[in-house]
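Working notes, beginning with the structure itself.
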Amino acid sequence: MNLILMGLPGAGKGTQAEQIVAKYNIPHISTGDMFRAAMKAETEMGLQAKSFIDKGALVPDEVTIGIVRERLSQEDCVRGFLLDGFPRTVAQASALEEIMKDLGKKIDYVLNINVDSGLLLKRLTGRRICKECGATYHLEFNAPAKADVCDKCGGELYQRSDDNEETVANRLDVNIKQTKPLLDFYEELGYLQSINGEQDINKVFADIDVLIGGLA
């Protein structure tokens, strides 16, 4: 099963990725991990990426796409994979189609975890972190026993500056605009599957499981 996982910040992608790879024993391939592994292994594309990163420059698409090709050609991807964080643009998605064709494979589903932006705002702005031990809480979903006090060490809880409402709303807005052309591209190809991410975590996975179970 060859899957792409999409969703806005706060949609719960990480949690669902963990459950998918645990049940179906396929590699979870995130962009960051892919780059780190390629640079560590000193592959041709990894060395090229490192030369750009060391200069503080953006890694060009052709290098990123080369790293994706290297990674998807590895033995652990024979039974499938879960791609997370790539592609980000229609150009990258088109390049991925070419890679899959060359490898004699196809993308089975693009799973988009769908959550209303108002609910995402609530999820993302409710996070609080302990100044002393770094424990993470959420005002609605995982509140401390005593307001603004860490259950573990009694430290003061604070909101990170990039978790404030205006910053989060801007971040979501940018993500929505960037993601829409990609979702349209995959809908046209017939790969896109919308998953209701507003449900309980286990129910979200149950819906994904029903969808992809037949691919195993």
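Backbone N, Cα and C atoms are what each Cβ position is placed from, and that goes for glycine too.
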Swiss-Prot record, region 'NMP', of the ranges 30-59, 180-209 the matching one is 30-59
Under an 8 Å Cβ to Cβ limit, what residues of the same chain, 6 or more beyond the ends of the region 'NMP' (30-59), are close to it?
66-71, 84-86
Binding-site residues listed as VAL59, CYS130, CYS150, CYS153, least Cβ neighbours within 10 Å:
CYS153
Return the maximum Cα to Cα distance in Å (whole number) over the record's ATP-binding residues: GLY10, ALA11, GLY12, LYS13, GLY14, THR15, ARG127, THR136, TYR137, GLN199.
22
Binding-site residues compared (ARG127, ARG160) - highest count of Cβ atoms within 10 Å:
ARG127
